[in-house]
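Taken from Swiss-Prot, the feature Mg(2+) binding site covers Asp16, Asp112, and the record attributes it to sequence analysis. What Swiss-Prot records for 12-193 is domain 'UmuC', and it gives sequence analysis as the kind of evidence. The region 'Disordered' feature in Swiss-Prot is assigned to 388-419. Here Swiss-Prot flags Tyr21 as site 'Substrate discrimination', drawing on sequence analysis.
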Amino acid sequence: MQPSKVNKHRIIFHIDMNCFYASVEMAHNPSLKGKPLAIAGNPEERKGIIVTSSYEARGKGVKTTMPIWQAKKLCPDLILMRPNFDRYRAASREIFKMLAEITPYVQPVSIDEGYMDITDTIYAKDPLVTANQLQQRILSGLDIPCSIGIAPNKFLAKMASDMKKPLGITVLRKREVEKLLWPMSVEEMYGIGEKTAQKLNSIEIKTIGDLAKKNVYELKQLLGVNGERLQNRANGIDNRLVDPEAVHDFKSIGSSQTLPHDSTDVTELMQLIHELVDNVERRVKRKEAAGKTVQITIRYHDRKTITRSKKLYNYIDNHREILFVAKELFEQHWNEAPVRLLGVSLQDMETKRNIGEQLDLFTYEAIEKKEKLKVTVDKLTKKYGSNIITSQKNKNESQENQQPRTSFQKDFLDDYKKP
């Protein structure tokens, strides 16, 4: 399917589920409603961080990424629950099915938010009625609240959906940008993170209005092409299309995990890298693809984040090769400070069908032999379990039966993609 068309009169919705994980848990167990609830990585040990929380908890000062001990100090009666990703995934599928019944132009951007373009549908006659009906259908069918932004482009729709929560419906017209958006601080603008905001502040840009009116040359000097792009958004200009196929495109496959506590334990960190590589390999195989660049992400206890990558001569797709490069990068660039999050990704992706056309005979024969062995191993693993075959290196290590920890948002998008 082609993306939605470009014209000046499009009707774009941005649908954002309110406190999604917490809302799903409350729908599953209504006795939790009206109580301060937080989803956290490791509530038993009180060393994890808050993944998300209900509005009741937020009212007491509980915030995402806050350590559990700090959240409990602010809100002693806080109810803590581990995440149930299967439950969240199932709820998300049902929500996006409802959106797809209105228009084929639906673009998910994460498990709990997405865009839809209703311009060329019968629902375009009264967008507010359509938004209200959709909101009520999700609430009555799944007991999950959402906010909806309605605007002529994706950026304004996203900004609109953030204006009223929970259960808000907001229309934001381009002519209202100066009145409604320009007084807001740049930190509140979608697409601007903490570091970008600091850079903008350094050249006296404090509000969205300041950004909209700044000399574009200065912005490009500071932020490159992104400077002009952000200025366009600040002026309400965004020509991106709602593209249902965008979820099918991929240039990288990655997995990341926040640790239950800040760690300097090399054994623990290496074990996590193993698990992340396991997950990357599984998803790479599912796509029948390979990549030429391995990247690691390290986020420290103070939230400072670094990414380091290594470009390879040949495409790789298996655990051993990805792990070798990931460990090498980690050992070279970790400064031994406590680590809060690790990530591994394989980038510069290409399908094996396309890669095959680039291989010479000798390379192909070597890969073919390796592939035959790996197919046999995969079949045995599938039939008898992951413990049937272990490498000589790992034969004395304990094998874990649990699913590797994953970057859940990317897994969700994989689910949404058509086979």
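From the backbone N, Cα and C atoms, a Cβ is placed for every residue, glycine too.
Long-range C-beta contacts of Tyr21 (site 'Substrate discrimination'), restricted to its own chain and to partners at least six residues apart, with a cutoff below 8 Å, comprise Ile39, Val51, Thr52, Pro83, Tyr88.
Within 10 Å of the C-beta of Asp16 (Mg(2+) binding site) there are 22 other C-beta atoms, taking all protein chains into account. According to its DSSP assignment, Asp112 (Mg(2+) binding site) is coil. Residues within less than 8 Å, Cβ to Cβ, of Asp112 (Mg(2+) binding site) and separated from it by at least 6 positions along the same chain comprise Asp16, Met17, Phe20, Ser92. Over the domain 'UmuC' (12-193) the predicted model carries a mean pLDDT of 94. DSSP gives Asp16 (Mg(2+) binding site) a strand state.
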